[in-house]
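**Student:** Okay, these came from Swiss-Prot:
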| type | residues | note |
| --- | --- | --- |
| MOD_RES | PRO3 | N-acetylproline |
| MOD_RES | LYS14 | N6,N6,N6-trimethyllysine |
| BINDING | ASN123, THR173, LYS177, ARG295, HIS327, SER379 | substrate binding site |
| ACT_SITE | LYS175 | active site, proton acceptor |
| BINDING | LYS201, ASP203, GLU204 | Mg(2+) binding site |
| MOD_RES | LYS201 | N6-carboxylysine |
| ACT_SITE | HIS294 | active site, proton acceptor |
| SITE | LYS334 | site 'Transition state stabilizer' |
Amino acid sequence: MSPQTETKASVGFKAGVKDYKLTYYTPDYETKDTDILAAFRVTPQPGVPPEEAGAAVAAESSTGTWTTVWTDGLTSLDRYKGRCYHIEPVAGEENQYIAYVAYPLDLFEEGSVTNMFTSIVGNVFGFKALRALRLEDLRIPPAYSKTFQGPPHGIQVERDKLNKYGRPLLGCTIKPKLGLSAKNYGRAVYECLRGGLDFTKDDENVNSQPFMRWRDRFLFCAEAIYKAQAETGEIKGHYLNATAGTCEEMIKRAVFARELGVPIVMHDYLTGGFTANTSLAHYCRDNGLLLHIHRAMHAVIDRQKNHGIHFRVLAKALRMSGGDHIHAGTVVGKLEGEREITLGFVDLLRDDFIEKDRSRGIYFTQDWVSLPGVLPVASGGIHVWHMPALTEIFGDDSVLQFGGGTLGHPWGNAPGAVANRVALEACVQARNEGRDLAREGNEIIREACKWSPELAAACEVWKEIKFEFEAMDTL
């Protein structure tokens, strides 16, 4: 390179490393309506100031790299860079801060959750200046959410398809989750649906194993659905898990489900990936299929309080990517779910407009505009004694899913389903009459036992079962 060229190239450019906060910490910045906003829980390494840590997150998740590069002069960093615009300490925690970062909308591909996460959480979590990092919340502006189809159908369309109103929907995961033949699996599906459930479900790891290939399972489950519908006069469904090793195979399974005329399929959206999930959601809308979403692997990402991604972010991402149901914890069962936090992201799934509410872990006001809502699914260690609490906590727009709480009934699968349906109907009737489910729940269930021997037997079996552990994820 000639001296003249060197001079031209170096005008306005100084090589070397400089503090991130000089460029990416901008406390005077006023956020725009079109910005994607993020709240990160930051734990800096000893000796790293919180402003530098927050700026590093903004830089490494947007335009920055570890050193100054001369190609910065070929673009407008002020237009494209992420900005850490506010930092606050976390109450009760030592050396933890909430860093608020604003990202310009032009950094993200339209309609792509994959691209959004690749930018915001793709690389920065391994950054050495940080001891730990957790994405607590995202504000998705309408300008971005409108580029997504979202759920294939949404809550109201699902109710219209099923012709079921005024109560939560009832489901059951077929157990044992692995090992049944397709014919025996279909038998269990029929018995549960015939007993009064609305849905049965493939477990998340039921795909196409040697003991039960997917096509055989789909056929026997479809037979069970049609037989139960004919005998009950109600529309029934089974979540046929279309999750597969390739997107092509996944769509092939969904196509076969549509050809069978069943109402709903299922996908494991985290293990399957957002690209696959969005593709399946588009297929489901185009072909009239409901889409049930399982969150297998979520606790690997969201359970640690100071590192990872909070489930409220994964829930928002699912609403954008597409799904009509998603598992959302129970508050009362065997799986993690602190009440106020759970209700916070349940509202983020169902409602059109959600106000900022730090008491429920909601860091930003979220306006979904016209994006359809998602039904939260309560599943995991629940039984008939939990029915009043579940009905009170989740309300009508939910799916209450009892696996062992149906199939573990001492008289069999169908009586287990009867017990759950009777308990639910009793709780809904009591609520509609103005009774307090939280205070009178046990009494309501005992009253219903008098005219349902199936419910009485279930209550006797599970009267002592409790899952009482301290929640990991608290405010």
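Quick reminder: no glycine exception, Cβ is built from N, Cα and C everywhere.
Give me the lay of the land around each of these features.
**Tutor:** Under DSSP, ASN123 (substrate binding site) is assigned to coil, being neither helix nor strand in the three-state scheme. When Cβ atoms from all protein chains are considered, those within 10 Å of ASN123 (substrate binding site) total 11, not counting its own.
A 10 Å cutoff on Cβ-Cβ distances gives LYS175 (active site, proton acceptor) a total of 16 other Cβ atoms nearby, all chains included.
Packing around ASP203 (Mg(2+) binding site) is summarised by its Cβ count: 18 other Cβ atoms lie within 10 angstroms of its Cβ, all protein chains included.
The C-beta environment of LYS201 (Mg(2+) binding site), restricted to residues of the same chain at least 6 apart in sequence and closer than 8 Å, consists of GLY171, CYS172, THR173, ILE174, HIS238, TYR239, MET266, HIS292, GLN401, GLY403.
In the three-state DSSP scheme, HIS294 (active site, proton acceptor) falls into the strand class. Annotation for HIS294 (active site, proton acceptor): same-chain Cβ neighbours under 8 Å, separated by at least 6 residues, are GLU204, ASN241, MET266, HIS267, ASP268, TYR269, ILE326, HIS327.
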**Student:** Tell me the Cβ neighbour count for ARG295 (substrate binding site), meaning other Cβ atoms within 10 Å of its Cβ, over all protein chains shown.
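**Tutor:** Taking every protein chain into account, the count is 23.
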**Student:** Given SER379 (substrate binding site) and ASP203 (Mg(2+) binding site), what distance in Å do their CA atoms have, once rounded to a whole number?
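**Tutor:** Cα to Cα, SER379 (substrate binding site) and ASP203 (Mg(2+) binding site) are separated by 11 Å.
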**Student:** Considering only the binding-site residues ASN123, ASP203, ARG295, which fall within 10 Å of LYS175 (active site, proton acceptor) when distances are taken between Cα atoms?
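**Tutor:** Of ASN123, ASP203, ARG295, within range: ASP203.
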**Student:** Please report how many Å separate the Cα atom of ASN123 (substrate binding site) from that of ASP203 (Mg(2+) binding site), as a whole number.
**Tutor:** 32
